[in-house]
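Engineer: One structure, pasted below without further comment.
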Amino acid sequence: MTRLVRAQLRHRIGRALVLLLGVVVAATAFTVLTGTAETQRLEIVGAVGKNFRSQYDILVRPKGSATALERSQGLVRANYLSGIFGGIGMEQYEKVRRIDGVEVAAPIAMIGYVTQGGTEAIDVTDLLHEGDRTMFRVERTRVTDRGLTRIPFRQPQYEYMTRRPVALGFDELKRKNATLVMGAQEVLPGDRRAPLKTSLGWPENSARASSYPSEGRLPVAHYWSLKTGWGEFDPSNIGLRTGRATVVISQSFPFVLAAVDPDAEARLTGLDRAMVGGRYLKDDTPAETSGEIKLLASSVPYADQQDEIVIRRLPREAAERVVQGVPAGKFLPYLDTHRGEVIRRVTIGAEQVYERMLTQWSDIPAGHYLPLKRYWTSGPTSYRERGGRRLAALPVRNETEVWKNPHAGDEWGSDLSIAPVGAADTQFRQLTPRTVEGTVADGLTSRVVGRFDPAKLPGFSELTRLPMETYNPPVAAPGDGRTAGLLGNRSLLPNDNVAGYLQSPPLLLANLQDMRKIAEKTEGRPAAKAPLSVIRVRVSGVVGTDPVSRERISQVARDIVAATGLEVDITLGSSPSPVTVELPAGSYGRPALTLEEDWVDKGVAYRILNAADRKSLVLFVLVLAVCALFVLNGAAAAVRARRAELGVLACLGWSRPKLFGTVLSEVGVIGLLAGTASAGLAGPVAAWSGVAPPGQRIWLAVPAAVLLALLAGLVPAWRASRVPPAEAVRPAVRLPRRARSPRGVAGLALAGLSRVPGRTLLGAATLAVAVFGLTVLLGVTHGFRGRVVGSLLGDAIVVQARPADYAAVAVMFALAALAVADVLYLGMRERDTELAALRGSGWPGGALARLIVLEGTGIGLLGALAGAAGGAAAAFALTGGLPVAVITGALAAAGVAVALAALASAAPALLVQRLPLARILAQE
């Protein structure tokens, strides 16, 4: 039997090499693709491990603070802090701190929005008229939203400049709604006094006044004495000096004031290492306890707002009318008709005003105070869902009482409501005003003691950046081409609209002690019992994505819920995920915009890990299936080619076990040779394809190849040993129940496929597995997209995963095409007499070639339909859905299969035209 095996391999070298080639390709593909699946899984785990952890692992929020949209899609909305003002008590915070496994618990108490004015001085000394006095008209337009919003001030600002001294009458300043111009008197020659209020004092009726500075019904009037250096503004604060004439422009900045635990914040975020001026926050000692709130301020304003200033110089007679005592009622119409000439245009940005304001807020002169009298809290933005992750922001309108001056009840207070300039635009958040009780003597004041630069904070992976509004500005990128054009390919930024859509991050930070002072002094004490907004928790002992680390985080989260009843989000492994927001048009020129915001998709890393394991498993099974089918087809082809010889051996007395062992030994030897060759090729192929070296795994190719060859040869060997000798020398075809004459080439091709149904089904099954593999791959890939689409972490993983997957599918299709070609070739060899007879009876060679191609196409159609249907069903089971992309992919995979089957039939179609007619017919 051994000599027979050697003789067969030597004399049938062609058939042995075809089978050897198939097993080598299959075994090598098995070894390399298994390494590819393992490499892919390691890459996914590695990428997730690298980008797995952000600044904190668990976000603790008040009960009910998560929106329905967040719960349904597993998101944390952008600007989530902007709508949470309190809700967590200090005792709950202490419980969280004491939970076993909590490394850092860092709270944030969102106190509210406070306003602080800054100024910019424009020197106009060189623009003064000759003589004692000059008047300027200052026109102002607030520009924001990347230039799309322009809020013009309806009334100008008038500046009266005199080289004469000015005296103040404080009795006038005590009147209700008085301005400094009310008590000002210019000292004329001969010690005569000219009250400026006669011409410039036009107090506005608070009942008719607008809350918004840009919508004032009357102009604003300021004065300045170059002689005494006295005027509407305190020169010690704004740097003005005697002998210079300066137009002062004020900008109001709404700050989000928040309180943090200095030690916890330093441990969690490294805030203490980002200081660029002053000192870091610390807890007050008993000797330092006072009504002054000590603040840290960001060195960056994060505001898109600027003022376009046009300065006009009025005629000389305008200033003279003031000292002549022209009544304001007559002077105003004169000013309206004498606008003057434009002498200067200036643009004042937020950065320069912000820097000057911080300096004034830090270097407060002795005897001066910056009282904290009011602030606002805001609700979250409401949305209308448009489907998927597309939302429409809903505008709201706040009542004018929101802007009421907290000093209105004071003896010297003003009844005029004052809102930030930008608040006149469209609003998206409901505001609640809060008033701080007390006077300068027993109330609260504020001072900036230090500055920090958010850019100096230790960075975490950008892929898992969470919306840390304390340090990162909320930005909204253009969501379509139209919006990108309107914004100049820039992001939309916040401005001074307290109720606007985008909100500045907390630019002011206080410690928890000062937070308690504010809570206790606020009328009604709404946040005294539960002042904290969120708690960010970092869990100890977390080293990566291993089950132990994940279980530690899950256990801490469960313990927090059990101890506090608060809402808990596990943010470990989360990353920003875009949400499209439709922003309606503003009130001052900004058109409707389509924006893209980075919300946070929670648990992205977990889902990628689970999907990666699933994809590796599917790929591994498919590789085995393709290998087994190809070897089965090759082994069966070799046995079918020797049916006559096996029949003769049976007639000569060979037993069934001996025939079975002979056939199986030949297949096993081929498998052994193929496995050895595959072990030698696996390393170079892996290196060429960029896959990790297979290492010791290459030796698995030898037993794998032998085992696959033996398993695939079992059925053909068993069938060869079981067929009676007389039957073995007949063609392996199924006799029809009744004779039928096929019509045309197509009918003959269909009859040819049905003659040997086993062989046809085997070729179709090989193709079906390849189509099944491509369809499942598209489904799993779409499952990735469906779960982590748009996530930075998800996008990075998908890009890494695709080449190996499609390389595996390409090998599957190559093996399947080779198997179909082998099936067609064997069929041609077994029917060479029939084909020669057809050619001899007048059939042209082209007709015979078309017959072979049609048979191959039929095998392709059969395998394509079965594989596409099975793959679509498997994709639905794996991904939980059957989107259009998967159906399209299944149809594409089926088309590839049919095309490959037709291409694989090309070689047999060429050979059938070269059959030696005379020799074949003579042998018959």
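If you go along the chain as it appears here, the first residue is 1 and each next one adds 1.
Cβ atoms are placed via backbone N, Cα and C, with glycine included.
From TrEMBL, here are the annotated features:
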type	residues	note
TRANSMEM	617-639	transmembrane segment
DOMAIN	618-725	domain 'ABC3 transporter permease C-terminal'
TRANSMEM	659-686	transmembrane segment
TRANSMEM	698-718	transmembrane segment
TRANSMEM	761-784	transmembrane segment
TRANSMEM	804-826	transmembrane segment
TRANSMEM	847-878	transmembrane segment
TRANSMEM	884-911	transmembrane segment
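Context for these features, please: burial, neighbours, distances.
Structural biologist: When Cβ-Cβ distances below 8 Å are used as the criterion, the transmembrane segment (698-718) is approached by residues 23-24, 26-28, 30-31, 627-628, 631-636, 638-640, 659-660, 663-664, 667-668, 670-672, 674-676, 678-679, 682-683 of the same chain, each at least six residues removed from its ends.
Here the transmembrane segment (847-878) has Cβ contacts under 8 Å with residues 614, 618, 745-746, 748-750, 752-753, 760-761, 763-776, 778-780, 782-783, 816, 820-821, 823-824, 827-828, 835, 838-839, 886-887, 890-891, 893-895, 897-902, 904-906, 908-910, 912-913 of the same chain, all six or more residues outside its ends.
Non-local neighbours of the transmembrane segment (884-911) in the same chain are 767, 770-771, 774-775, 778-779, 782, 813, 816-818, 820-821, 824-825, 827-828, 848-850, 852-853, 855-857, 859-861, 863-865, 867-868, 871-872, 875-876; each lies 6+ residues outside the stretch with a CB under 8 Å from one of its CB atoms.
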Engineer: In this predicted model, what is the average pLDDT of the domain 'ABC3 transporter permease C-terminal' (618-725)?
Structural biologist: 74
